[in-house]
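Enquirer: OK, TrEMBL features for this one:
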- 12-316: domain 'Cobalamin-independent methionine synthase MetE N-terminal' (DOMAIN)
- LYS27, ASN122, ARG519, CYS520, TRP565: 5-methyltetrahydropteroyltri-L-glutamate binding site (BINDING)
- 430-752: domain 'Cobalamin-independent methionine synthase MetE C-terminal/archaeal' (DOMAIN)
- ILE435, GLY436, SER437, ASP603: L-homocysteine binding site (BINDING)
- ILE435, GLY436, SER437, GLU488, ASP603: L-methionine binding site (BINDING)
- HIS645, CYS647, GLU669, CYS730: Zn(2+) binding site (BINDING)
- HIS698: active site, proton donor (ACT_SITE)
Amino acid sequence: MTAARPQPFPAATILGYPRIGPGRELKRALESYWDGRSTLDELRRTGAGLRERAWRRLAGLGLQALPSNTFSLYDQVLDTALLLGAVPARYRSTTDEDTCFAMARGTDGVAPLRMTKWFDTNYHYIVPEIGPDTAFGLSAAKPVSEVRQARDLGLETRPVVIGPVTFLLLAEVTPGAPAGFAPLDRLADVLGVYERLLTTLAAEGVGWVQLDEPALVTDLGAAELAAVRAAYERLGSLADRPSLLVASYFGGLGEALPVLADTPVEAVGVDLVHGDPAGLGALAGKTVVAGVVSGRDVWRTDRERALGALLAVREHAGRVVVSTSCSLLHVPYDLDAETGLDPALRRRLAFADQKVAEVVELADLLASASAPGSPAVPVSAPAPVAVPAPASASVAVPAPAPAPVGERTGRSPYPVRAAAQAAHLRLPPLPVTTIGSFPQTGELRAARAALAAGELDEAAYEERVRAEIREVVALQERLGLDVLVHGEPERNDMVQYFAEHLDGFAVTRHGWVQSYGSRCTRPPILHGDVRRPEPITVRWASYAQSLTARPVKGMLTGPVTIVAWSFVRDDLPLRDVVCQVADAVRAEVRDLEAAGLSVVQVDEPALRELLPLRRAGQDAYLEWAVAAYRWATSGAGDRTQIHTHLCYSDADQILAAVDALDADVTSVESARSGARLLGEPAVKGFGRGLGPGVYDIHSPRVPTADEVGELLEAALRVLPADRVWVNPDCGLKTRTYGQVEAALTNLVEAARRLRGAVESRP
Ligand code: MET
Ligand SMILES: [Zn+2]
């Protein structure tokens with residue numbers, strides 16, 4: 001069968017749908033397979049069941065154009081690497097699934113591929129590795145079998161694949177490739193594989209294929225724009241192929257718009273929530289898949305505004321299809337599952353299924369809105385639902401004015417503080433610490449569930465947490481760590497826990513969103529003004545400190561991260577929301593200090609995540625984000641050592657801003673990325689304590705003391721010895737106690753071996 005004549009694109013679609021399962025079925029199936037408790041066949045059956053459920057649900061909601069290949073056992077970028085044959089030889093296994101998991105999670109002897117944030121979201125993708133010798137080749141089994149599975153259910157679908165330009169721009173270079181090589185150099189080879197994919201899908205009778213190109217909303221240079229042109233000229237000119245939708249999202253297309261408009265692709269997806277419709281006239285003659293329903297927040301769509309945007313697009317471009325601004329991967333499944341939410345808040349909300357219904361409804365409204373120029377909402381159409389204002393908008397919060405960067409914040413300059421802290425804390429060189437969390441045992445989670453269900457009373461739960469703290473402190477003393485933590489046993493999640501204790505937030509019971517692989521979070525909903533009614537962490541941290549003579553590090557989540565990992569009200573500038581949270585964190589830092597904690601860590605792993613994708617907005621963002629952090633931490637005295645933690649280490653991009661945070665010690669992920677950070681010139685100039693992670697906590701592998709020692713030696717070659725800290729890449733909560741104990745033993749051992757040498761250095 002060859003491709004039929006171009007089929008018109010139906011009136012409504014979505015760019016993608018959640019896949020973890022409404023009850024996190026995929027998470028359970030994956031973890032059970034990884035632990036050897038179930039077979040690959042069982043895992044495959046779970047996947048098939050989830051896909052069937054998703055398609056039936058979408059069809060039931062009235063959606064005509066259904067996506068496929070948006071299901072993934074781990075990550076869609078990793079799936080694309082497998083599809084294109086970009087599999088480094090060290091990961092090849094007997095089944096596609098095991099190869100996929102080897103790349104994502106590593107194996108006994110082999111470290112996994114790097115993982116990083118998907119644009120400015122909290123979703124993580126696996127970074128493909130491309131070199132001059134990568135042997136590309138098509139493995140189309142997955143998209144083809146999904147098309148067939150849906151067809152067996154009587155449903156036609158549109159396979160979704162990451163597009164060639166985004167795939168190559170996100171890839172990193174195989175270690176050892178010649179200098180100057182860039183993955184984009186392999187564009188022509190990769191396009192050959194995409195051509196074969198399109199031919200294969202056409203032979204399957206597929207009418208449309210969606211190629212996701214979110215990289216097109218970032219600043220592109222001449223070479224990248226030329227790649228866009230080359231890619232879509234070539235794929236568009238292919239003889240027997242399905243119609244092509246090139247989907248952009250997370251912002252406006254900017255300079256890539258006229259380039260795409262010039263190519264023979266049939267449809268272009270544009271984000272009209274985060275990008276502006278300027279220039280869409282260039283798409284006349286094409287189908288515009290207009291993302292007017294946000295795929296990234298949980299707010300109901302303002303129907304009038306959305307319809308206005310759709311009518312404007314229809315006036316300028318050819319055919320308009322109503323869609324989401326991006327995949328619904330980033331929002332929970334179904335608001336109907338949340339029975340405990342305040343009804344006034346509920347009325348303002350829409351999760352994935354509600355957003356699908358909005359898309360369908362808007363398509364109906366658009367169809368009945370007659371010629372351009374007629375009233376935006378036809379009389380016969382249901383009146384748009386008014387979105388109520390935030391409930392607490394009237395609560396007066398003394399808005400903090402964060403101290404501008406560079407201005408005095410109350411603390412002395414770093415050298416003065418460093419001396420005061422050294423005298424007070426008396427730490428050895430290369431102090432060993434952790435990032436905060438210790439393994440969250442099943443027992444602990446069960447106790448929390450029992451508390452929520454009313455089966456365990458507060459006092460019994462509290463004692464359970466205290467017992468855990470006692471064990472964690474004793475373990476750290478026994479292993480010989482220098483700065484201890486209480487282990488965060490009371491926290492379900494580093495953001496949700498604070499949200500539950502601050503006014504202005506609501507939390508959900510089932511609102512899970514995939515973070516990476518089998519990991520999910522339940523982002524809180526920040527809907528009103530934020531205030532801290534009372535201290536949050538002080539009793540746990542001071543209890544831990546009461547158990548030991550060594551310093552315990554109080555552990556807080558920073559204002560940018562709390563906001564970044566929540567669904568945030570959209571009626572205030574983000575900066576103002578962050579300032580409110582910074583004020584609450586500031587009060588908590590001061591209370592920890594007053595309770596006798598000499599070290600306080602304020603985590604900002606999301607600092608870079610909110611960085612605007614285009615350079616034009618980045619300086620302004622960093623200025624207010626850094627100011628908010630300094631406001632949160634600068635109430636501490638000189639003797640109190642402030643730590644911060646980031647889960648990545650793209651030093652060139654962000655290290656200057658990290659320096660401006662003015663924290664005394666910064667820990668960053670480094671082991672997972674093969675200590676690339678240490679090669680960055682910016683590291684040499686870093687003027688404070690730095691702990692480049694020496695233990696990749698995303699992998700079940702335990703590093704040996706020798707491996708840790710090598711990473712520390714590498715750090716000591718570029719950093720002064722009195723500023724190097726020894727710590728894992730991130731928190732330990734996803735690991736087992738067996739792994740953690742073995743790994744921390746090796747961290748302490750490696751630090752001890754090097755201390756002598758460091759102390760005797762001139
Ligand atoms: C994602 S960063 C995690 C930091 C937190 N303190 C932890 O150790 O889990
Ligand atoms: Zn982290």
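Glycine is no exception: its Cβ is also placed from the backbone N, Cα and C atoms.
How buried are the listed features, and what sits near them?
Expert: For the recorded site, ARG519 (5-methyltetrahydropteroyltri-L-glutamate binding site), the DSSP three-state label reads strand.
All protein chains shown were included, and the count of other CB atoms within 10 Å of the CB of ASP603 (L-homocysteine binding site) stands at 25.
Residues within less than 8 Å, Cβ to Cβ, of GLY436 (L-homocysteine binding site) and separated from it by at least 6 positions along the same chain comprise VAL485, GLY487, GLU488, MET494, LYS553, MET555, GLN601, ASP603, HIS645, GLY731. In this structure, GLY436 (L-homocysteine binding site) belongs to neither helix nor strand by DSSP; it is coil.
DSSP classifies HIS698 (active site, proton donor) as coil under the three-state reduction. Applying an 8 A CB threshold to same-chain residues 6+ apart, the list for HIS698 (active site, proton donor) reads ARG105, PRO112, MET115, ARG672, ASP729, CYS730, THR734.
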Enquirer: Considering every residue in the domain 'Cobalamin-independent methionine synthase MetE N-terminal' (12-316), what is the mean pLDDT value?
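Expert: In the predicted model, the domain 'Cobalamin-independent methionine synthase MetE N-terminal' (12-316) has a mean pLDDT of 96.
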Enquirer: Specify all same-chain residues, apart from the site residues ILE435, GLY436, SER437, ASP603, whose Cβ lies within 8 angstroms of the center of the Cβ atoms of the L-homocysteine site, ordered by sequence.
Expert: THR434, VAL485, GLU488, MET494, MET555, GLN601, HIS645, CYS730, GLY731
Enquirer: Where the criterion is a Cβ under 6 Å from an atom of ligand 2, which of the binding-site residues ASN122, CYS520, CYS647, CYS730 meet it?
Expert: CYS647, CYS730
Enquirer: Among LYS27, ASN122, ARG519, CYS520, TRP565, the binding-site residues in the record, which have a C-beta under 6 A from ligand 1?
Expert: none
Enquirer: List every residue in the same chain as CYS520 (5-methyltetrahydropteroyltri-L-glutamate binding site), at least 6 positions away in sequence, whose Cβ is under 8 Å from its Cβ.
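Expert: In sequence order, the residues whose Cβ lies under 8 Å from that of CYS520 (5-methyltetrahydropteroyltri-L-glutamate binding site) (at least 6 apart) are ILE20, ARG24, LYS27, TRP512, VAL513, GLN514.
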Enquirer: Compute the C-alpha separation of CYS647 (Zn(2+) binding site) from TRP565 (5-methyltetrahydropteroyltri-L-glutamate binding site), stating it in Å without decimals.
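Expert: Given the Cα positions, CYS647 (Zn(2+) binding site) is 14 Å from TRP565 (5-methyltetrahydropteroyltri-L-glutamate binding site).
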Enquirer: If you measure ASN122 (5-methyltetrahydropteroyltri-L-glutamate binding site) to SER437 (L-homocysteine binding site) at Cα, how many Å is it?
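Expert: Cα of ASN122 (5-methyltetrahydropteroyltri-L-glutamate binding site) to Cα of SER437 (L-homocysteine binding site) measures 19 Å after rounding.
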